[in-house]
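Copied over from TrEMBL, here are the features:
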{"type": "ACT_SITE", "residues": "A:LYS203", "note": "active site, proton donor"}
{"type": "BINDING", "residues": "A:LEU9, A:GLY10, A:CYS11, A:GLY12, A:ASN13, A:VAL14, A:GLY15, A:SER16", "note": "NADP(+) binding site"}
{"type": "BINDING", "residues": "A:LYS103", "note": "NADPH binding site"}
{"type": "BINDING", "residues": "A:GLU188", "note": "L-homoserine binding site"}
{"type": "DOMAIN", "residues": "A:352-432", "note": "domain 'ACT'"}
Number of protein chains: 2
Amino acid sequence: MKTLKVALLGCGNVGSQVARILIDDADALASRTGARLELTGIAVRNPDAPRDTDLPKDLFTTDAEKLVEDADIVIELMGGLEPARSLMLHAIGHGASVVTGNKALLAADGAALFEKADAAGVRLAYEAAVAGAIPILRPIRDSLSGDRITRVLGIVNGTTNYILDAMDSTGAQFADALAEAQRLGYAEADPTADVEGHDAASKGAILASLAFHTHFDLANVSCEGISAVTAEDIAAAKEAGFVIKLLAIAEKLQDDDGAEGVSVRVHPTLLPRTHPLAAVHGAFNAVFVEAENAGELMFYGQGAGGAPTASAVMGDVVSTARRLVLGGPLGAETPTGHVPALPFEKVTTSYSIGLQVTDQPGVLAAVARVFAEHGVSIETMRQTIHGEGGQAAAELRFVTHRATEAALAATVEAIRGLDVINSVTSVLRVEGV
Amino acid sequence: MKTLKVALLGCGNVGSQVARILIDDADALASRTGARLELTGIAVRNPDAPRDTDLPKDLFTTDAEKLVEDADIVIELMGGLEPARSLMLHAIGHGASVVTGNKALLAADGAALFEKADAAGVRLAYEAAVAGAIPILRPIRDSLSGDRITRVLGIVNGTTNYILDAMDSTGAQFADALAEAQRLGYAEADPTADVEGHDAASKGAILASLAFHTHFDLANVSCEGISAVTAEDIAAAKEAGFVIKLLAIAEKLQDDDGAEGVSVRVHPTLLPRTHPLAAVHGAFNAVFVEAENAGELMFYGQGAGGAPTASAVMGDVVSTARRLVLGGPLGAETPTGHVPALPFEKVTTSYSIGLQVTDQPGVLAAVARVFAEHGVSIETMRQTIHGEGGQAAAELRFVTHRATEAALAATVEAIRGLDVINSVTSVLRVEGV
């Protein structure tokens, strides 16, 4: 039986689980691939650092370059841009296929890496980069390859879903829900990458690239996190039958001039509570796909964690090993489409706008006039009166029909300037209605 | 650019959609595969039959044998065992790869067909055979190939899910819900294959084969349909926080003697209403997968219908065409594992048992003694009293811990023989607790 040399870069949460599976499940992996997968080494910064694992000491090395030069398959789980990028290029240059979970690197520089891998005739696989254990890249790339995807909505960040789900079920404010998530290990000490949507934005770029057969990178993604979402937003959403989720959205749209393009964006989003994504609780992830023929599909599972992410990594390792055993070309990943990214202001979306107004005649007419002047039409309006007589104040909540971001943003600005408005209490986009 | 000849067998609901996509999306398919996919003909019994499609008349032929002899890819959508099987073998014998949605044929005779395809070095792809548009076979086979699947629970028949969902939301009896489903086109005039679970059983055999890397066929599947499920069963389930779903279940278990085997079965099942499968409504399908490392995954979408199923067929066509363009072996599908199928009586499961009893002292003790004698332990018991005084009757509902089917069946039989029992009102298996 053939032996394939597997080099592992990084031995954190995911890497140590991958090493465990390669060693413990060696026989099963051999029978599934037709080759022994030999773990030749694990490159780490400090081989003597204390580790919560009983992996053989002699596997550890600091010489990552040398390790990848001698490998058939390199598993990159270091994260970050450098030295991950250089080592991947070094591996590709030496004829190794690469399996990675590095969403940040792929979203920043995927196009160049795929080109190098194609030119070298090696595989660059990355199922673990989006939504952890959920098999989503292969279904989008292969199973839906004979269909036309129109939209992808993803809950692809477990930390923010955990926080929003906790706010929804307990009524907590963002800061308290974040603190609790940090205490339980669902959020990091510096939660910026998660709560400001950067992690979701990387995954959105990768999902958009696959769904629309065109390279999109982080620069194409508009991104807004959840730190401004308040308990009041969530309560108002709940009352109106909505839940707030941080979604990575990639959809094909026409701009004002009828030109087709793809919008890739991340923002807190109101979803009807009957939408399948609304039932995704805690730190779970899910990706909802709409395609012309297939209709609505959803893929649900654990989006992070050592063992779940290691499962996705190992799926890529086994697929790559099978292909290396069977022979033949490893298969190009180069996108074949050329759909432009739409600038955010040209994207059409729907807004939910909350206003505190003085309860006096004419206020609704004034607000409605602003909507009309900007060509934005109103789908629903709800009014809630607080207090009585001279103390009375009203809260108005509008949900608009779809209009461009530019028109919607201008509408909100103009409303802020009205005398009859005390404050604009919330502005959130709506999907799935 | 290379041209690949594609022959279509059958032009029903799915076939006509596949033909439409091949013709209308020819350019996109060519750019994704690197080859023109030329639809060379559509074999049907009667080319002159009226069809709700504007496909070119000259594509139709009755000479299916001749059509497949000249094809690179044969798409079999005739259904049924013959002549589908003979034509597939004929195609394989002439070096064509085959894409099929024929679950009945695969469940009856898949092992022989895969062997022939492997020997001929052609691909036999069948994503459309299970859960329509939902990409489930490729994720199980490829994405989870580095993991160990422990259990698959599938809602894989839209007709029965529609009926059970209607019974759950309206309180209707089975016969009325079936009649309504027939009126709306969700159930056929002869609904036997759906409501008695035969269709789900075929899909269960295919899912089990993929999940456990071993060939299972229909003979390995225990099957019970939903025609005996009553409105009272559903109401009682609802009250206890459960929903009743028809599940195809494939799971790895140990029998009494500690020997490992796979149980494949289809039966109405009580699921907690918080389980992700409980939120699958109407005619939608979903497959819930549990794996050692990945944890819980769910795949959700449309399980039937012309366009959705055609999407799955076309995914296989594009993947196969890509491989034919790139060259190299088409890849073996032969399972590598050899896990035996467990006989149903050795399978451990949990029962919910409803009893009408005379409300008299000692009845609970008598019933509890029967459970104990058969080694079955009780997880929960609920008692509801109807009427008063001498007219009083009680309803008891037990949920057991897991025990073998044999022990549970014997327990129910012995309970039926007790004097204090008026009737056993329902016996249903429970999962997901």
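Counting starts with 1 at the first residue shown.
The backbone N, Cα and C atoms fix where each Cβ goes, glycine too.
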DSSP residue counts for the domain 'ACT' (A:352-432), split into helix, strand and coil: 26 helix, 36 strand, 19 coil
Alpha-carbon spacing, A:GLY10 (NADP(+) binding site) to the residue listed as 'NADPH binding site', which is rounded to whole Å: 15
Closest of A:LYS103, A:GLU188, A:LYS203 to A:GLY15 (NADP(+) binding site), Cα positions, recorded positions only: A:LYS103
A:CYS11, A:ASN13, A:VAL14, A:SER16, A:GLU188, A:LYS203 screened against A:LYS103 (NADPH binding site), Cα within 10 Å - retained recorded positions: A:LYS203
Same-chain residues at least 6 apart in sequence whose Cβ lies under 8 Å from the residue listed as 'L-homoserine binding site': A:THR159, A:GLN182, A:ASP194
Cβ-centroid neighbours of NADP(+) site A:LEU9, A:GLY10, A:CYS11, A:GLY12, A:ASN13, A:VAL14, A:GLY15, A:SER16, 8 Å, sequence order: A:LEU8, A:GLN17, A:VAL18, A:ALA19, A:LEU77, A:MET78
C-beta crowding around A:LEU9 (NADP(+) binding site), within 10 angstroms: 27
Residue pair A:GLY12 (NADP(+) binding site), the residue listed as 'active site, proton donor' - Cα distance, angstrom, rounded: 20
Sequence-distant neighbours of A:LYS203 (active site, proton donor) in its chain (C-beta under 8 A, six or more apart): A:LYS103, A:ALA107, A:ALA129, A:VAL130, A:ALA131, A:GLY154, A:VAL156, A:ASN157, A:ALA248
Same-chain residues at least 6 apart in sequence whose Cβ lies under 8 Å from A:CYS11 (NADP(+) binding site): A:ALA19, A:ILE42, A:VAL44, A:ARG51, A:THR53, A:LEU55, A:PHE60, A:LEU77
Lowest local Cβ density among A:ASN13, A:SER16, which the record lists as binding-site residues, within 10 Å: A:ASN13
Protein Cβ atoms within 10 Å of A:LYS103 (NADPH binding site), excluding its own: 25
Surrounding CB atoms that lie within 10 Å of the CB of A:GLY10 (NADP(+) binding site), all protein chains: 25
